[in-house]
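S.K.: First the structure, which I've put down as structure tokens, then a few questions once you've had a look.
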Amino acid sequence: MRIRTFNEYQEAYKHSVEDPESFWAEIAQEFQWRKPWTKTLQWNFDEPNVKWFTGGKLNITENCLDRHLLTQGDQPAIIWEPNDPNEASITLTYRMLHDQVCRFANVLKRNGVVKGDRVCIYMPMVPELAIAVLACARIGAVHSVVFGGFSAQSIADRINDAQCKVVVTADGAYRGNKEIPLKSTVDDALIGCPSVRKVIVLTRTRTPVSMLKGRDIWWEQELKQVTADCPAEEMDAEDMLFILYTSGSTGKPKGVVHTCGGYMVYAAYTFQNVFQYEPGDIHFCTADIGWITGHSYIVYGPLACGATSIIFEGTPTYPDYGRFWDITDKHKVNILYTAPTAIRSLMGFGLDKVENHDLSSLRVLGSVGEPINEEAWHWYDDHIGKNRCPIVDTWWQTETGGILISPLASITKTKPTYATLPLPGIQPILVDENGKEIEGNGVSGNLCMKFPWPGILRTTYGDHERCRQTYFATYPGLYFTGDGCLRDEDGYYRITGRVDDVLNVSGHRIGTAEVENAINMHTGVVESAVVGYPHDIKGQGIYAYVITDQQPSDHDADLTKRDILATVTRVIGPIAKPDKIQFVTGLPKTRSGKIMRRILRKIAEGDTSNLGDTTTLLDPAVVDEIKEGAL
Ligand code: ATP
Ligand code: MG
């Protein structure tokens, strides 16, 4: 499955388009199957219904763990770097990880978890998070990892949507100089979650926690009750592996569903080829396992390839802004995969904390999560890669399971801000508003895919119609990504951003509607409208226009703003807090009642000279008022 030259890339690409089934069958054969599949691909994008490797039986943990035991059981699988650099890091070999996964899988079983049950995982970035994920996969339980920064309400929504039976959490988490109470947040969430029978709590911070008799149990106590013998459950290629919730631009998050066979093949294939992974490489992906990037490129992709993957508990700026470079130096990292928002925030601090570290182990740099701006691209290239490490700007989504458009490190010629070319098996197409294909080069349009790849989402949990509506109905016969895209004269792809209204704050995707809903829950708020504006560090900042039932005085306005921030934090989490709140008496609405965001966006950007046509507004005077009060 390994591509080594640009020629081989072109050949693989050609093969994958001319005969996708034989292309992917050859790759899938390199994995360990209990029983071979009978049909490589069945699909239609109308229902949609996509099935890869039908009839094939496997367990992904046998591929990620067991099959490496004979050849490289004593190689490190996971290196854990704690939040506090003075705490010892931990290395788990493949043998140790296998042992711990089997033990925790037995803990889950002992607590009534069976194949098909959903398990919510809300944990800090500790090895036990990966262990819990793999333990679910071992016994065929479906994991739903919820990012450790989410609020009780967000956790409750996700638990209820998936009807999770068990929650795995920790007493608390360390992030920078903060201690975050996880278990007490879970307790708040569980007030409204009748499906949950057990909560398994790992000790991390020793924060006092309440433990409810009959429901809450300690991870460490449970481990004493089990052995390390846990044969893997035999799974169908199309059995569910996990649910992962996207940020949800319409308020209610979507539970993206991935299945065992196709996801495994795709995560491993893309990991190997995009990063040009070599045996023995140390791979450091800085994402949280709570996001798809962590699922595919901290856990499943690297482990399926027998790589060594770093799990980092902390933040890029603690104890100082040289932490990534410190980790790179300390663990001799070869592949570094991070996000533009992290690069931009570190750029701002100058070079002293870069230059006092040895970064010569680095071979490949990766970027993911949002378009990388030119300045950040060059800073990454010049100061981190010292102009000798290729940058792979990887474009993909929760729904795609793995990277779709990206250079292959050292093979594809890179170009700043371009994700460059589709990987083998990926058939992008640009369409106009009416779904008509835009052919040729030097064009831009809405980015769609016309053929399935093994890692494509299968459904949104519990609501297949929503999956159809969101991804397959806009342009019949195509998978619609929601992103705008430019294809330049060389056929290189550049993602230009989202076509809809979703904010990208520090690499976190947050729906404007989601933030508005949260603000509107605050007492006294009548209505609100949220837009993004350019923010040096976060990429996008959140600007909220808020109508309250009583126009607050200056003093009250300050207090009310702080209260609104507290409400948003409680409902969604701190990442969604508006950077600016402007109180207004009305919003620019069309006669049909739709808010004209285009105008609000311009005002938020400080560009009020040309607001375009405002005559279709119900009350054009409201625009002047908003302009005058702009922050
Ligand atoms: P929701 O669909 O609910 O809004 P989501 O889109 O926020 O959730 P992800 O699946 O993590 O969350 O993000 C995928 C999106 O991130 C892509 O659609 C794209 O807009 C952006 N993105 C990711 N990687 C890149 C990249 N390399 N270049 C440009 N944009 C990127
Ligand atoms: Mg999306």
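The backbone N, Cα and C atoms fix where each Cβ goes, and this holds for glycine too.
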S.K.: Write down the one residue from ARG468, ARG498 that TrEMBL lists together with GLY369, GLU370, PRO371, ASP393, THR394, TRP395, TRP396, GLN397, THR398, ASP483, ARG509 as binding ATP.
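M.R.: Looking at ARG468, ARG498, the one TrEMBL places in the ATP site next to GLY369, GLU370, PRO371, ASP393, THR394, TRP395, TRP396, GLN397, THR398, ASP483, ARG509 is ARG498.
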S.K.: List the binding-site residues among GLY176, THR293, SER506, HIS522 whose C-alpha is within 10 Å of the C-alpha of GLY369 (ATP binding site), in sequence order, or say none.
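M.R.: For GLY369 (ATP binding site), the binding-site residues whose Cα atoms are within 10 Å come to THR293, SER506.
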S.K.: Are any of the binding-site residues GLY176, ASN177, LYS178, SER506 near ligand 1, with a Cβ under 6 Å from it, and if so which?
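M.R.: Within range of ligand 1: none.
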S.K.: Starting from the Cα of THR398 (ATP binding site), work out which of the binding-site residues (ARG175, GLY176, ASN177, THR293, HIS522) are within 10 Å.
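M.R.: Candidates kept after distance check: THR293.
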S.K.: Which of the three DSSP states, helix, strand or coil, fits TRP396 (ATP binding site)?
M.R.: coil
S.K.: In the structure shown, which of the binding-site residues ASN177, THR394, SER506 has the fewest other Cβ atoms within 10 Å?
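M.R.: Selected from the binding-site residues ASN177, THR394, SER506 on minimum Cβ neighbours within 10 Å: ASN177.
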S.K.: Any idea which of the binding-site residues ARG175, LYS178, ARG498, HIS522 has the thinnest Cβ neighbourhood at 10 Å?
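M.R.: Least crowded of the binding-site residues ARG175, LYS178, ARG498, HIS522, by Cβ count within 10 Å, is LYS178.
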S.K.: Would you report the average pLDDT that the model assigns to the domain 'Acetyl-coenzyme A synthetase N-terminal' (9-64)?
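M.R.: For the domain 'Acetyl-coenzyme A synthetase N-terminal' (9-64), the model's average pLDDT rounds to 98.
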S.K.: Over all shown protein chains, what is the count of other CB atoms within 10 A of the CB belonging to VAL525 (Mg(2+) binding site)?
M.R.: 21
